[in-house]
Amino acid sequence: MFILGSGSPRRKELLAQIGVVPDDIRPPDINETPLKGELPRPYCARMAREKACAVDALPDDVVLCADTTVALGRRILGKPEDATEAAAFLKLLSGRRHRVITAIAVRVAERVWEKDVVSIVRMKSLSQAEIQSYIDSEDWRGKAGGYGIQGPAAALIPWISGSYTGIVGLPLAETAGLLQAAGYRGAS
């Protein structure tokens, strides 16, 4: 059985692009608070691994989990709690480059295969009106860094370097490779 350990509709849609349909969806419930002094990339990898290990599965089940983190320097910008925090994130990202890290973990029994992908995103300089318009769209909800590149925020991002699907939430080339390494052979 193939289990997607994520409640993200974007991850489910991305998997479908490579012909992978989960048999079940089981979002794990873990503490996502960064450790004191933890840097963004190790944090993101730890989250994906902990999520994969937290999903209840049988020994021959294939479990896929991922975590996406927006990093501005050493600072981790998670999912904003409210519109005020989302606006603050956009203000921080305005006119700057930042990293989007997506870590993936595939687990079968006690074995875990891991990979992370780092992409660079440049957000244009945003006016207060542009920030407010995006906040009003509600598209920031549930998204690391307070924006989703696949929605209205695409108009705010003139340049990326790296994996577009990684920025959305699941780097497909790397995910396909990990699933293959774990012995997953596709939909049955």
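From the backbone N, Cα and C atoms, a Cβ is placed for every residue, glycine too.
Remember, predicted model here, so these are calculated numbers, not experimental data.
In Swiss-Prot this protein carries:
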ACT_SITE  D67  active site, proton acceptor
SITE      R10  site 'Important for substrate specificity'
SITE      T68  site 'Important for substrate specificity'
SITE      Q150  site 'Important for substrate specificity'
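Sequence features annotated in Swiss-Prot and their locations in the structure.
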{"residue": "R10", "record": "site 'Important for substrate specificity'", "DSSP class": "helix"}
{"residue": "D67", "record": "active site, proton acceptor", "DSSP class": "strand"}
{"residue": "Q150", "record": "site 'Important for substrate specificity'", "DSSP class": "coil"}
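Sequence-distant contacts (6 or more apart, same chain, Cβ under 8 Å) of T68 (site 'Important for substrate specificity') comprise C44, V100, I101, T102, A144, G166, I167, G169. A separation of roughly 9 Å, to the nearest angstrom, links the Cα atoms of Q150 (site 'Important for substrate specificity') and R10 (site 'Important for substrate specificity').
Its Cβ placed at the centre, the residue listed as 'active site, proton acceptor' has 26 other Cβ atoms within 10 Å. Within 10 Å of the C-beta atom of Q150 (site 'Important for substrate specificity') sit 17 other C-beta atoms, taking all shown protein chains into account.
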